[in-house]
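Trainee: Checked TrEMBL, it gives:
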- B:249-360: domain 'Glutathione synthase substrate-binding' (DOMAIN)
- B:Lys364, B:424-433, B:Tyr435, B:457-460, B:Glu484, B:Lys520, B:Glu526: ATP binding site (BINDING)
- B:Glu428: Mg(2+) binding site (BINDING)
There are 2 protein chains.
Amino acid sequence: MPALSVIPDDLPPSIVESIITQIKDYQANHGSLIKVIGSETENSVLLHPIGVSVFPTLFPRKLFDTAIELQHIYNELYCKVAEDEEWLSTTTRALRKQEPLIDALWTVHEEVERRRRGNGTMRYPRQEVSAGVFRSDYMLHHHQDHDSDGDSDEKNWMENVSLKQVEFNAYSCAGGSHANKVVDMHRYLTRTNVYDFELEQTENRQTRNNICVNLSSLPRNRTIHGIASVLASAHAMYGPPKSCQHPTAVLMVVQPNNFNITDERPIEYALWNWEEGGCPIPTYRVEWQDVLQYTSLAETGELLFHPNQGRAGRKSVEVSVVYHRAGYETKEYADEVGMEIRIRLELSRAIKCPSILGHITTAKKVQQALVVPDVLERWLAPDRAGRIRETFFNTYPLDNSTPTGVRGRELATNLLAADNYILKPSLEGGGHNIYGSDIPRFLDGIPEAQWSAYILMERIRSPRDIYNVLMSSDGIVADEVVSELGIFGTCLWKSTNSRNGGSNCEVILNNVGGWSFKTKDALVDEMSVVKGYGCFDTPCLVDTSN
Amino acid sequence: MPALSVIPDDLPPSIVESIITQIKDYQANHGSLIKVIGSETENSVLLHPIGVSVFPTLFPRKLFDTAIELQHIYNELYCKVAEDEEWLSTTTRALRKQEPLIDALWTVHEEVERRRRGNGTMRYPRQEVSAGVFRSDYMLHHHQDHDSDGDSDEKNWMENVSLKQVEFNAYSCAGGSHANKVVDMHRYLTRTNVYDFELEQTENRQTRNNICVNLSSLPRNRTIHGIASVLASAHAMYGPPKSCQHPTAVLMVVQPNNFNITDERPIEYALWNWEEGGCPIPTYRVEWQDVLQYTSLAETGELLFHPNQGRAGRKSVEVSVVYHRAGYETKEYADEVGMEIRIRLELSRAIKCPSILGHITTAKKVQQALVVPDVLERWLAPDRAGRIRETFFNTYPLDNSTPTGVRGRELATNLLAADNYILKPSLEGGGHNIYGSDIPRFLDGIPEAQWSAYILMERIRSPRDIYNVLMSSDGIVADEVVSELGIFGTCLWKSTNSRNGGSNCEVILNNVGGWSFKTKDALVDEMSVVKGYGCFDTPCLVDTSN
C-alpha cells in the first residue's frame, strides 16, 4: 500500500533539501527556535530551530472540526469542575499522600481560605472571576483490527478513525506560540509554491493525486492572539485599579532560565502590541523565585508588582491578571518560600489564570474520574456529556478500594495485558509515562502505596501508513508518523454561590484560542517537542469521500 | 564633564542586566540574529543575537533630517553617474590594471555590449530601466579643536558637529533588515517603559534630565518595506511577461552559505507578503554559482528561472528584476563561469538592481573623483551640488599624474601627516581599511603601481563623550562610542538617448528607503556589525537649543 502523505513518491531528494533550507531560514527569522540549554551567558545565547515537519501531515477535516466544536463543552466542564471544590476534594484527596504536588496545591488552597477568613473578618476580598487557558490533546484511534491490512486505502482510513483524548491540560499550557509560528510557516511555504509539485506523470507512479497541499487544506492558527485575548479580557474585567494609585497590568509568572522562551514571550509581545480596544496591555514577567521580592499584597488584597525591587521612584503596578507559566513542579513548593509565593498570588484579588482549584483539575486523576459513567452529568447536560464522552478511552485508577481500581491493578501487573496500556503519573509535561510491558516491572519497583498516584490508560492505536519527513537538531527522519492535535480552550468564569450554599459557576467566556499539532516518529512513544520527541506540524485537512 | 547619553549615572547594574535579558529574548523572537559560522548542518543551525546597543545613542535631530533630505540629491547623482559611461570609464579606467574587480565589471559590460550588437542585428533588446538600492554613510564630525575640552556641553556639542560622508554604497547594500528590526526593538522597549527611569533625585546627581528616551525621539524605520518597495515598483514597471508563457518574478542573486541570512530573507518575505496592489510578488533566490544551471536566456532576451533545475513540469518564471546580493567579490569573477554568470544576468531584459555601470559607481575611486571641484555640476544643479558637497571630506587619489594625487602620496607616506587619514581600497564591505600611522608602512609593502587602487581620506573626528553600552556575542562594553548613520536610497531610472547621441538619464523614482544606525566603541576603527566591530543601534534624536 502506498504511504498516505502529501509527498509524491518520486520527489527528488534535492527538492526536499531545498525545502529544508527554506524552513531553517524561516525559523531563524520568525523565532521558531529554542535556546541551546546551557548556552546562555550575560551577553549572548545560542539558539537552534525547533523540530518541525517538512511537510504538513494528513488529518481528517471532519475530526479536526469536531475537536474544535468539542472544546466549548470541555471548557464548560473544566470551568465547572474548578468551582466544584467538594467533588475535586473527594476525587483527589487520596492522592495527597502519594503526590506532593497535589498536596502542596491543596495546602495552598486551605491556607488561602484560612487567611482570607482570618480573625473573623473577611480581610482579603475574594476574586470571583477566574481565567483558563486549557489544552485538550487528541490522537486518532483506528478502529479496524490493526494487523489485518491489505485493502485499507485512504477513504477506508478516514472512515475508521475517531478522536480519542490523550490528556487535558488546565495549567500553564505551552506550545501555543510555536504551533502558531509553524502553521504560519507551512502556510507561507504553500503560498510561495514550495509544495507545488508538478511532477512527471509516469505509468507506475503511485502517488495519490487527490492529496495535495493548498491553503484551503491548511487551517489558520492564531493561538498567540487567542491566549493574549483571554488575558486581555480578564484584564478588562478586573477593571480600574482598586488601589487608585498604580496602573493595572498583567503579570506573567515564569520559571527561571526557560530555554523555551520563544513560546512564552510572544504572549507578552501580543499584549503590549494589543490593538483591540485601542491601547496596549501592560504585561510584566516575574520569575517564580522572585515573586516575594518583587510583589507585595496591599491591605485590601491588591497584588502590587514593583518592577525594580521597589526602588524609589520606579513605577509599581497593580496586577489585574496572574498568568501562571510556573508553579507546576513539586520542587517549586519544596520550602516555605515556594508555598508562600503561591499563597500570595492566590490570596490576592488579581484574576488568576487559573485559580488554585483550576490548577488541581489538571491532575490525571481528575481525567480518569471523569471517565467513570454518569460523572460528567454532574455538570453537563446529557447530550453535551455524551458528545465528549465519545473521546474518552478506557482509563483505570490503581487503587484497591473500587472495582475499577482492582481491574486496573490486574491489567497493569499482567505482562501481556499491560502491553495495551500506558501508565501516567499525575505530573505535567511529557517524559514521565511508562509504556506497555514496562509497566509491571515499574510498579514492582515502587511501594504499592504510591500506585494510586498513577492512572492506567488504554493505548491509542494510531492509523498506520501516514508518512512525513521530520527535522530537528537531532536529525532528519522520513518515516511513518503519529500526530497529536491539541485544542486550546480560553475561558473566563465566575464563582457564584448557589441557593444550597455550595459554590457554583457561571461561564462568562468560552472560546477556542487556537490549537497545536505535533507529529512524531511512529516508533517513539513520548510526545514532547522541546524534549526532542516530536515536531510541530500543520494538519493537511482531508475531506471524507461522501 | 558628564557623559552624553540617555543612561542615568546612578542606574543600578541590575536594571542594565534586566534590559539585556529582554533584548536577547526580543532578538531571539524577531530574527535579530546571525548564524554561527560553520554551525549549519543539513538539519539544523546555531544562531546568536547580532550586536546591538543596549540604549539608543544621542544624535542631533537636525542632522538626521538633513541626511534624509540629502539622499534625494545623492540618488539623483548616482542614477545619472550610472548612465554616464564616458565619465565612469575615464574615472576608473586606470584602476582596471590594479583592481581585478573593476576590471571584471568593465569586461562584463564590454562583452554584454558586444553580444547585444552581435552580427549586426540588435539580438537582445536593451532594458532601459534600472533600479538602485543605495546607502550613503555618514559620521558626525566635530569642528572644535578636539583636545581643548572643559566648557563643551550638550548644546555646544550639537552646534559644532556636521555630517561627513564616510562612503557611498551603490551595490548589494546590506544591513537594512537588521537596522529595521533593532529600531523596532528599541521602540518596543521604550513603549514598554523599559527606559523609563524615575530614579531618585539626589544632590550630587549629574544626569541631564533633558535627555530621556521617548517614542518621539526614536524615528521609525521601515527599511525592509523600503527595499521591497523599490523592487515591487521595478517588478510592476517590467510589465507582463514578454515570453507569454511564464509568470514574472523577482530573482534575488545571493552568495552561498550566507551566515547573515536574517538580513536577506526579510526582503523576500516582504515581497511574497506584499499587499499594496493586492497581490504577492513572487520572489526566488538563486545562489551565484548556480545561476547558469538554474536560468536560461530566451532568444529574445528574457531571463527564465527554473526553480527546479528545469525538471519537467516544474514551473519556470520570467525574471522581471534581478536583485543583486552577490557578485561584489573578486573571486566571484575568477573564472569564465563567474564572468558568464554576470554577463547572462546583465544581457537579459530583466531590470537589474543595479546595472553593471550602477555597480561600478560604488568604487571608492568614484567617490573620490566626485570630491574634485566642479565635478558634481556635470549632473546636478549648482545649489543641489553645493548641498551634498558640504558632506564631503578631504579625499585624495594616490596617482602620480595629478596635483591632488601627488599631494595624496605626500600625506600618505608621511608618518605624522598620515595619522589624520584613512587609506581605503576600492573593495566593498568593512575590514579592509588602513588607518593613520599604519598607512606609510602598508604602502611600503605593496608595489607602487597598486597605490592608485586606494584613496586617502581625512579621518572624521567624532564628538567625544557620547556614551553607551554595547552588547554582542563578544561581550558587553560600556564606553565612549561613535555612530554611523546610513541612509538607504531607493531609485528607478531610465536610460534615455540625449540629442547629442550620448546616454542620458531620467530619474523615475527617487525615495528614501530607510536607514541604518550603527555604533561602535570609540577605540575601534572599523565598522562592520557582522564582523563584530559594531552594533546596530537607534538614534535618540536631540533637538538643538534654539
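Every residue number used here counts from 1 along the chain in the order it is shown.
Cβ coordinates come from backbone N, Cα and C, glycine included.
Those TrEMBL annotations? Automatic predictions, nothing curated.
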Trainee: List the same-chain residues at least 6 positions away in sequence whose Cβ sits under 8 Å from the Cβ of B:Ser426 (ATP binding site), in sequence order, or say none.
Mentor: B:Leu95, B:Glu99, B:Leu101, B:Ile102, B:Ala363, B:Lys364, B:Lys365, B:Ala453, B:Tyr454, B:Ile455
Trainee: Return the residue, from the listed binding-site residues B:Lys364, B:His432, with the maximum count of other C-beta atoms within 10 angstroms of its C-beta.
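Mentor: Result for the most crowded candidate: B:Lys364.
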Trainee: Fewest other CB within 10 angstroms, which one of the binding-site residues B:Met457, B:Ile460?
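Mentor: Taking B:Met457, B:Ile460 as the binding-site residues, the minimal 10 Å Cβ count falls on B:Ile460.
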Trainee: Through the lens of DSSP with three states only, how would you label B:Ile460 (ATP binding site)?
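Mentor: SS state of B:Ile460 (ATP binding site) = coil.
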Trainee: Quick one: what's DSSP say for B:Lys364 (ATP binding site), helix, strand or coil?
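Mentor: Looking at the DSSP assignment, B:Lys364 (ATP binding site) belongs to a helix.
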Trainee: Based on DSSP, name the secondary structure state of B:His432 (ATP binding site): helix, strand or coil.
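Mentor: For B:His432 (ATP binding site) - judged by DSSP and reduced to three states - the answer is coil.
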Trainee: Summarise the model's confidence over the domain 'Glutathione synthase substrate-binding' (B:249-360) as a mean pLDDT value.
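Mentor: Looking only at the domain 'Glutathione synthase substrate-binding' (B:249-360), pLDDT averages out to 93.
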